[in-house]
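Asker: According to Swiss-Prot:
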- 340-358: compositional bias 'Polar residues' (COMPBIAS)
- 1-20: region 'Disordered' (REGION)
- 130-238: region 'VTT domain' (REGION)
- 322-378: region 'Disordered' (REGION)
- 1-37: topological domain 'Lumenal' (TOPO_DOM)
- 59-99: topological domain 'Cytoplasmic' (TOPO_DOM)
- 145-213: topological domain 'Cytoplasmic' (TOPO_DOM)
- 235-249: topological domain 'Lumenal' (TOPO_DOM)
- 271-378: topological domain 'Cytoplasmic' (TOPO_DOM)
- 38-58: transmembrane segment (TRANSMEM)
- 100-120: transmembrane segment (TRANSMEM)
- 124-144: transmembrane segment (TRANSMEM)
- 214-234: transmembrane segment (TRANSMEM)
- 250-270: transmembrane segment (TRANSMEM)
Amino acid sequence: MGPDEIEMVPPKTPRGLPPSETDYQPVNWKRLFLRPKYLAMWVVLVIIIILTAIITIYHDKVVEVGDIRHFDNVCGGKQEILTAHPLQHLRPFAEQVRHLPGGWLIPIVILIVISFPPLFGHEIIALLCGVVYGLWIGFGIVAAGTFLGEVGTWFAFKYLFRQKSEKLERTSLSYGALARITRDGGFWIVLIIRFSAIPTHFSTAVFSTCGVNFWIFAIATFLTLPKQIFLVYLGVLLLQDKPDDAPKNIVFGIAFVLTIVMAGYIGFKMRFVKKILIEEQEERRKALAMPTMDDTVNTGDGVLDTERSEYEALSQNDFSIAMPGPAAGNHTPLGEPSKGPSTAPSGWTTEAVNTPDSPGTPPNEYFGQQPAKGFQWV
């Protein structure tokens, strides 16, 4: 299998929608934010975003060991008071885990668990692994936990939430666009999406339900694991007595530029595909709305297809063939007055022959036409 080939598995049809039917609707933000059943979800989401931002910005404070100093007024003067921050206990706890038999399995298990949405905290575990285990051992632990967690998420969405995901592909424009890009782009698009800033929970759900072969997904996930070394290296930098901000800023800059460039490329393709999906949906709906024209299609000369077919069939069954007879000269078809000399050969006569289907009545009289004439042997 080439790098651009992805083995696609035909998806099952979700209940309630035909295989090719979609229902892409513009997002009603007012309804989405203000409906009572969504309020609790938005509150939880805001809390998660705030905690994630705090952890990302103050990650060095979370894992460093030392007292936090602040000043308080005592008897009109200033006195320095040493207080312990609760997050300072993370590194000592990680050091204790390191000395446990098989303690390195604990961060792997934690990374697997938090790989399932909506859990978070991957950055903190990666930083602690860099602080406690160093660069390469820490990277190996983080890579193993991340890979196994993504594989678990892939199987969970494929077999437990498949129907929901397939319905989402037909109702969510962003989800459907990413699925279309994945199917059309092949292995390299899967790899770029894994490298980009698109949340892995979202992309893994798309990959698991849009027909991407598991081994293609596994290879792309494995090749993008070096992204994790940036977080582990930041943890290593925190151990320096006099940390230099330059390496840390360079690491952050490289990671930021790579992920944003990849995400921008995927976003550009998604905007283009969204227009195509909307156009295809409109064409399908117009086709379904048009009445059936099988019995009313005009052929261009004023005769309908069905009427023309009847006319031709009946005309072929009603014919007159010249028959040789004793008289020569003027010959007229049966039941029709003579209008002039016959064109039949000398010694022939003409006679109308009716079909068994309509004896006695020329079928073409139904259409107000003269019956077809021919020749018949006597």
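Glycine is treated like the rest: Cβ placed from N, Cα and C.
As the structure is a computational prediction, the values presented were derived from the model and not from experiment.
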Asker: Where, among 100-120, 124-144, 250-270, do we find the most CB pairs under 8 A to the transmembrane segment (214-234)?
Answerer: 124-144
Asker: Tell me the residue counts in helix, strand and coil for the region 'VTT domain' (130-238), as DSSP assigns them.
Answerer: 94 helix, 0 strand, 15 coil
